[in-house]
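Inspection log for the structure reproduced underneath, given as C-alpha cells.
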Amino acid sequence: MRDPGSCGPTISSFTKPAHPDLLLAAAFVSDAQYNRNIPFKTSPEAVRLYYLYNHWIMRTATYFFIFLDLSLAVFEEPAVYPLPFLVTSVLEVLCLLVFFGRLTHFAKVTHRSVFWKDTKNICIMIAILLSLTDLAIYGVLRIYDVRSIRWSRIVRPIFLINFAESRQIRRAFRSIRNTLPEITYVFLLFMFSLLMFSLMALKLFGERNLQTAEGLPYFRNYLEIVFDLYVLVTTANSPDVMMPAFDFSSWYALFFIAFVIVNTYIFMSLFLAVVYNNYKKHLKNEIRELAYMKRRKMLEAFNLLKEEEGAQFVVREARWKQLVKLVAPDISSSHRELLLRISDDEQKGFVDKKSFVQLADLLNIQVVTLKIHSHPLGQWVPRVYASGVSRFLRSMVRHRGFVWTYDVIILINAIFIALDEESPYISYAEWVFLALYIIEILLKVYTYEPRAFFGKNQFWNWFDTLIIFAALTATILNTTLKSTVKYNSQQILDIVFILRVLRLIRIVDSIQRFRVIMNTLINIVPTMLTFGGLTLVVYCVFAIVGMELFHGKIQFFPANSNAPHALECGNPALKDSLFARAKYCKNNFNNFASSFIVLMELTVVNQWHVFANGFANVTVQPAKLYFIAFHIIMVIIIVNIFVSFILEAFFVEYSLEKSEVETAIERKIQELGVGVQEDELRDEQLLDNMEGAEHDLEGEGGMKAQPKGLVFKIASKRYRTVDALLQRMFEAEIPLEDEGPSLEETPNLSPVPSAQAAERPV
C-alpha cells in the first residue's frame, strides 16, 4: 500500500477520461484519507489542478525550497561557509518565486473569498514582500559599504508554518496558543512566589556581608537575587548558590529547601499538569472537528456516486471499484477485492452509506501481501528435508527454548565484551560466539523459508545477519592486519568493538515487554517530527536574534594561541569569569551552526546561567532576558507540550498493545483465511480456495508450515498517529446521521459550495 504521505492518485490518472463526479468524489475521499481541509473549487479543471497541488513531487519541492531558504543563514554573514552575497540573494529570490508560485497555484484551486480570508495566505504574501524589501535595501546599502541588519531573516520560519502542508506544526502552535492563558495564570503565581522568596533572601542575607566563591557580594542586589533564584528553580546552580549562606549557618539551608520544594517541585509540576490537561483537551476538540470534516467529505463523495436501491441509496460495486482505482491506483487487485469484501460484507453488489464512509480508514491500514513458498530444500532434497532428524531439528529451532538459549548466550557475550580484550582467552571466546551466532542464522534459514525469513518486513532478521557477518569480516580483517607490524589496525578494531556491542541490541527483540516499548517508540516517531518542526522554528528565530545581539562578542582560540585575551575568549570583560574558566569560548553566536549548538545546550538547562552571565558581561545585564525568554518558551512551554504528547501517545499505544484492538480488515482476513491466489485472479474476484490456517510470521521471523499462495498481513495493529486513533475514537461516538455542525456554525469552515472546511491559520 502507498505511503501515507503520498498524494493519492497519480498525475497520469487524470490524463485518462474520467467522469467529473467520479474525479470529484476521489478528491473528497483522498482529502478524508489524509485529513486535508483545503476548500477547493469543484469544476473539473480546478479538481485536476487540486490533484496536481497535492502531488508528492509538488509538496516535496515546496519543502525543499523551504529548508533551502532556512539554510541560507549558514552561508550568509555571519557564515559558517561563506558564499558571495550575489549567490545567496539569487537563491533567496528563487525560493521566494517558488513560494509565490505555490501560493498562486493554491489561489487557482480555491475560491477567491476563501483565499483572501485565510490568514495563512496573507502571512505568506507579507513574508515574501518583507523579504524582497529587506533584500533590496540590504543590497543597496552593501554597495555603499553601509552595514545593516538582515531583519527579514526572522520571518523565514513563517513559510514552514503557514503552507498548507504544515498543518501538524500549525496544530502544535495552536495548542500552545490555546494553552497560554492557563499557563499565564500559573506563571504569574510562580513569579509572585519567586519575587517573595527573593525579597526574603535580600532581607536574610543582604546585610551579612557574605561573598560568593568568586569573591563577589552575595544576595545584595534584588534583581541579581531574582535571577539566581530563577536559575535555582532549574537546579542548574545547585548547590553553589546556597553554599555561602549554608557555610555561615546550617539553618539557612531550610530557606533553600523550602524554595526548591515550592518552586521546583510544585510549580514546575503544576506547569506540566496544566500544559498536559489543556493540550489534551484542545487536541481532542480539534480531532473531533477533523472527524466531522472527514465524515462530511466522505458523505460528499457518497452523494456524488449514490444510486437508489430499494429504500436506500448505495454505491454500485463497479462504481466503487472505479473510485478505489482512482484514489489508490497502486494497491494490488487482491487488496482491492479484500476491501470490497469488507465494504460489501454480504456480497450484495453494492456498498451502503455506513460502509462507504469507512473507506478512508480502510485505505489507511497498511496491508502487506506475502507470497508463500515451500522451502527450496524441500524441493531439491525432499526425502532428506522430510526425514525424522530434519523435522526434529526444525521443531527444536521453532521451540521457545531455542530463543532462551541464545538470550543466555547474548548475556554471556556481553560479559566477555566488558572483559580485557588483550587476554588471549577472551580473543578466542569471541570466535566461539561468532561461530554460535552463525550456526543460529544457518539453522533458522534451514528451518524457515529464506525469502520469508529475509522479507522486507523482517527487520530483526536482517539486522542480526548483517551485524554478525560484518563482525565476522571485521574480526578476520583485524586479525590479519595485526600480523602486519607496520599497519595500525585501531580503526578496524574500533569497528569490531562497535559491532560486538550492537549485537546486544538483539535482547530487545527477545523480551516481549522490551519489544512492546520499542514498537511504541517506533510508532510515535513520525508524529514526533511535528515537534521537531516546532523546535526548528523556535531555534531559527532565537539563533537569528542571538547572532544580531552577540555576534563577535566572544571568540574561540586554540589552546596554544598567543592572541590577546585568548584566555578570556577574546574579550577582557570575561576575565576571571566562570564562562572563561570553564573554556566555553566555542559556545558563541558567531554563526548559525554555533548558535544552534548554544541553544541546544540551553535546552538541556545545565549551566545555562553561565552562558547568560557570560554574554551579559560582554554586552549589558538585560541580555539575560534573552536566555530567560528562551528557557520559558522552549523548556517550560514547548518541552512540556512535547512531554504531554509523549505521555498521551505512549498511553494510547501501550493500551492498544495490551488490548490487541482488531479492525474490520483484520477480522475479515481472519474470517476469509487470508490465502489468495492473485496470479489466477479473474475479473478481480476472490477465489474460493482460501487457506484455513493463520499465515503469519512468528516472533523470531519464522513461518509455520504453509501452503503456496498469497496471504495478507496487517503491517501494524496500531494506528500510525495518536491523532488517527483519537479520530477513530470520536467517530465511533458520532452517529452516521450526524453530519456535524453546519458550515455557518463551525468557525474553521468556509461557506463554499463543496461544504469543505477551511483550515484555520496559526
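Using N, Cα and C of the backbone, Cβ positions are placed for all residues, glycine too.
Because TrEMBL annotations are produced automatically, they should be read as predictions rather than curated entries.
Record features (TrEMBL):
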- 56-75: transmembrane segment (TRANSMEM)
- 61-281: domain 'Ion transport' (DOMAIN)
- 81-101: transmembrane segment (TRANSMEM)
- 122-141: transmembrane segment (TRANSMEM)
- 183-202: transmembrane segment (TRANSMEM)
- 222-239: transmembrane segment (TRANSMEM)
- 251-276: transmembrane segment (TRANSMEM)
- 401-419: transmembrane segment (TRANSMEM)
- 402-655: domain 'Ion transport' (DOMAIN)
- 425-447: transmembrane segment (TRANSMEM)
- 459-477: transmembrane segment (TRANSMEM)
- 520-545: transmembrane segment (TRANSMEM)
- 625-651: transmembrane segment (TRANSMEM)
- 736-762: region 'Disordered' (REGION)
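Comparing 56-75, 183-202, 251-276, 425-447 for CB pairs under 8 angstroms to the transmembrane segment (625-651), the maximum falls on 251-276.
Long-range contacts of the transmembrane segment (222-239) within its own chain (CB-CB distance under 8 A, at least 6 residues past either end) are made by residues 194-195, 197-199, 201-202, 246, 256, 259-260, 263-264, 267-268, 605-609, 612, 621, 624, 628, 631, 635. Distant neighbours of the transmembrane segment (251-276): 179, 182-183, 186-187, 189-190, 193-194, 197, 200-201, 204-205, 229, 232-235, 238-239, 241-242, 245, 636-637, 640-641, 643-644, 647-648; these residues of the same chain sit at least 6 beyond its ends, with a Cβ under 8 Å from one of its Cβ atoms. Here the domain 'Ion transport' (402-655) has a mean pLDDT of 81 out of 100.
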